[in-house]
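Beneath this line is the structure, given in structure tokens, with notes to follow.
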Amino acid sequence: MTRESVNKEKDVAGVKDLELVRSLFPEMVKRRRHLHRNPEVSYKEEKTSAYVASILTGLGIEVRTGVGGYGIVAVIKGKLPGKTVALRADMDALPIQDEKVCDYASEIPGVMHACGHDGHTSALLAVAEYFARRLDTLQGEIRLIFQPAEEVCPGGAVAMIQDGAIDGADVIYGVHLWTPIPVGTAASAPGPLMASTDEFFVDMKGQGGHGGMPHAAVDSVVAGAALVMQLQTIVSRSVDPLDPAVVTIGSIQGGTVQNVIAEHCVLSGTVRCFKEETRHLIRRRIEEMAEGTAKAYGTEAIIDYVMGYPPLVNHEAEVNRFFREAGNAFGLRAEVSPKIMPAEDFAYYVQQIPGCFVLVGAGNPAKGASYPHHHPKFDLDEESMLYAAGLLITLAESYLGET
Ligand SMILES: [Zn+2]
Ligand SMILES: [Zn+2]
């Protein structure tokens, strides 16, 4: 049997018609470039949201706007009964000045799509169009989640979940276009894929005084310096060496001039790891060390620990589906991803329902897509959107076809 006839036969059974997706590619590029020229930062995605809603409405898709902020939930119900698959894209940009020289560079000073969320949004719009045209063969429901505010905690995912975005959904898939891996490749892993991210601030409050009379003051700078060194032992001495974790002190600020003992010395840092129990261990050790060091130096530790996104933990059955099915999405090559330290609020969805998150290769030095995410010259190989859309469709149809 030829490949064409296999595809044709599959299509009769309601399985994917990726040529339809391919035909939507020029539109994907057009929309992504529109979004790229008109980026909006987290929690301010008003025009982006309106743009997405107008395209979905134009396709005759039922849309709920204002979900958890500027979020949109679009519902595509097939004519055949079945389960509900949620597919998610984030829509926000970053406060970065675009330094690219091209006709689709950002037109908004100081704001830029430097993480590829414009590509996610555009790819998911193509997925919407694909399913909207195939209601007769669609078994079940496709739930499209266009999420605001991924880049800034507490993030848009929690608000959308609280607003019912995934109520009744059986499974969820999401992708991140990813320039560190080449276009045509995609990577994921069972279990923890992306780190949790927390922030902490500690003020080692002392008592100000004359630099020449330290006995009459309590030096917060000495206490702060000691705490910086103490905190380095958490990962090396308290965390399992086989469990990756980071404690970084990103800033230390104390005092104003050379001859005054500083009353305040404030440390701030970030914590990244892959297990909830490790996260809680690190938090506890930071608090214990801050309090213990404060006691040793006679200061007071004022601690503010801010929990950010949890670790993103993929469900094994759905990652297995990715490895099994990826090749059906335009021959996408599936690889096992190492754990990565950036965080993602997609983590909250897979805490609620089964699902998996995939990094879809978008790197291509020949097209200038070689800069890291959040770089002022960041760009992606737009063909990655085709793979992303094909993969989301493939995963959704595989799931619905099985149940
Ligand atoms: Zn980002
Ligand atoms: Zn991102």
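Including glycine, each Cβ sits where the backbone N, Cα and C put it.
The structure displayed is predicted, hence computed values, not measured ones.
Copied over from TrEMBL:
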{"type": "BINDING", "residues": "Cys115, His117, Glu151, His176, His374", "note": "Mn(2+) binding site"}
{"type": "DOMAIN", "residues": "202-296", "note": "domain 'Peptidase M20 dimerisation'"}
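Everything TrEMBL records as a feature, shown here on the structure.
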residue	record	CB count, 10 Å
Cys115	Mn(2+) binding site	25
His117	Mn(2+) binding site	26
Glu151	Mn(2+) binding site	20
His176	Mn(2+) binding site	24
His374	Mn(2+) binding site	13
- Looking at the binding-site residues His117, Glu151, His176, which have a C-beta within less than 6 Å of some atom in ligand 1? Glu151
- Item | Env. residues of Mn(2+) site, Cβ within 8 Å of mean position of Cys115, His117, Glu151, His176, His374 Cβ | Asp90, Asp92, Leu94, His113, Ala114, Gly116, Glu150, His373
- Number of helical, extended and coil residues in the domain 'Peptidase M20 dimerisation' (202-296), per DSSP: 43 helix, 29 strand, 23 coil
- Query: What mean pLDDT does the predicted model reach across the domain 'Peptidase M20 dimerisation' (202-296)?
  - Reply: 97
- Message: On the three-state reduction of DSSP, what should I expect for His117 (Mn(2+) binding site)?
- Response: helix
